[in-house]
Amino acid sequence: MTTEQSFLIEGGNSLHGSVRCSGAKNSILPLVAAAIAVRDVVSFQNVPDISDLQSLLTLIQAMGVKVVSFIDGELVLDTRGPIETHVENTNGYSLRGTQTLVGALLGREHRAMLPSLGGCSIGARPIDLHIKGLRAMGTQFEWKDGYLIGQATALKACDVYLDFPSVGATENLLLAAALAEGTTRVFNAAQEPEVYDLISFLNKAGARIVPVFPFGFRIEGVAQLHGASHRIIGDRIEASTLMVATAITQGEVTITGIDARHIWSIIAKLRETGAMVEVEGDDAVVVKGVPEYRSTDIRTLTFPGYATDAQPPMTAYLTLARGNSVVVESIFENRFGAILELERMGARIKVSEETAIIEGVESLNSATVQAKDLRGGAALVLAGLAAHGTTTVKSIQHIDRGYEALESKLFQLGAHVTRVTQPEA
Ligand code: EPZ
């Protein structure tokens, strides 16, 4: 008998207290790839224990990486041994997080072979920009039996322009160029904090990467990198999710472990609705929700614009605002997956292509809803916190991919959330 896990959420409880957000999922995934490029012993602190990371660790262990330890948020990897450049997704988990293995393996071994990285529930997730940039550096690519094979006799420095500031493409180019001959420049590069977190680690490991105005990086290739220790940044998307959870339940919560510079867009948007948000020191924010809050509009953009990953939680919050809100999702083509489920809870939302028009309602009703992707699942949890009655959010394995013990964090703030295992329907 197969089972599945759900969250049972008894709505109507305001959140109060203080919670520390975990380290950034979208930092540790490329950093694990960077450890392979470093070919030494590395340690990372503030690492979240999430299933996307566990899946990646399983996958790289099969390639020859030693996971020395992963205790209390410290992950130690030893990548000195021989590394298999053929990545096999043994656990059949379509893991976008493996994308940066391409750049790391090319930088270290001049060869990479990965199963197709594409598609997931939020969009096609093409890698044309990754391939275009790495090809410009001398990599030959071919698709064979569903595998992407990249090979280079040598990686040569060059100027690369990214048609779109793709986070993954930027990270792959940084990883390959760090060990290429000569100086590579990447223009129109992603500026997300996780990219700078990767650069911070690579420079500690001996890389020579500096920002270049405007929105570029200059990478002076070196022959070899060396081990380093690095504390990863707080997860700005988890922090955003906890901030919205506070606002939607009219609570008052201090969220620590987050750099306010990484979440200005969410701070601004919550303030526009009437919630109170104050920055405390250099690693905390205090959010205070209000009983009646206003609608507002958001358009997702690359950093420092409003983060696409924080769009589904904000969409859930706006279903209960006074007035109409317009949400434009300009980054991914299919990121309104939670809206159908929100409508089943009484939300009023009209979707047309990349735009959702939300008509605020007085209240949401509990229901049994299904998480279909990571951030959409989080949105359903937030709706359940505000709804009357007990909401069941099913298929929470999606949520466990990117949130470390979300129910424990919410429980410690006063939410009535329990994880249950039920026979799969
Ligand atoms: C990273 O994905 C994050 N994942 C995503 O977080 C995040 O939503 C995204 O950046 C944008 O911030 C990780 O870091 C592991 P992109 P990535 O390349 O690198 C198009 C989450 O919920 N594109 O910046 O895949 C692409 O289709 C996840 O934590 C191309 O067209 O994002 C998308 O529309 C979801 N060609 C847009 O760019 C390419 O070659 C942004 O993609 C690459 C991307």
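Using the three backbone atoms N, Cα and C, a Cβ is placed for every residue, glycine included.
TrEMBL does not curate its annotations; it predicts them automatically.
Note that the structure is a prediction, hence the values are computed from the model and not measured.
Going through Ile60, Ile71, Ile331, Ile339 against TrEMBL, the one listed in the UDP-N-acetyl-alpha-D-glucosamine site together with Arg96, Arg125, Pro126, Ile127, Asp128, Leu129, Asp309 turns out to be Ile331. A strand conformation is recorded for Cys120 (active site, proton donor) in the three-state DSSP classification. Ile127 (UDP-N-acetyl-alpha-D-glucosamine binding site) falls outside any helix or strand according to DSSP and counts as coil. Whole-number maximum of the Cα to Cα distances across the UDP-N-acetyl-alpha-D-glucosamine-binding residues Arg96, Arg125, Pro126, Ile127, Asp128, Leu129, Asp309, Ile331: 22 angstrom.
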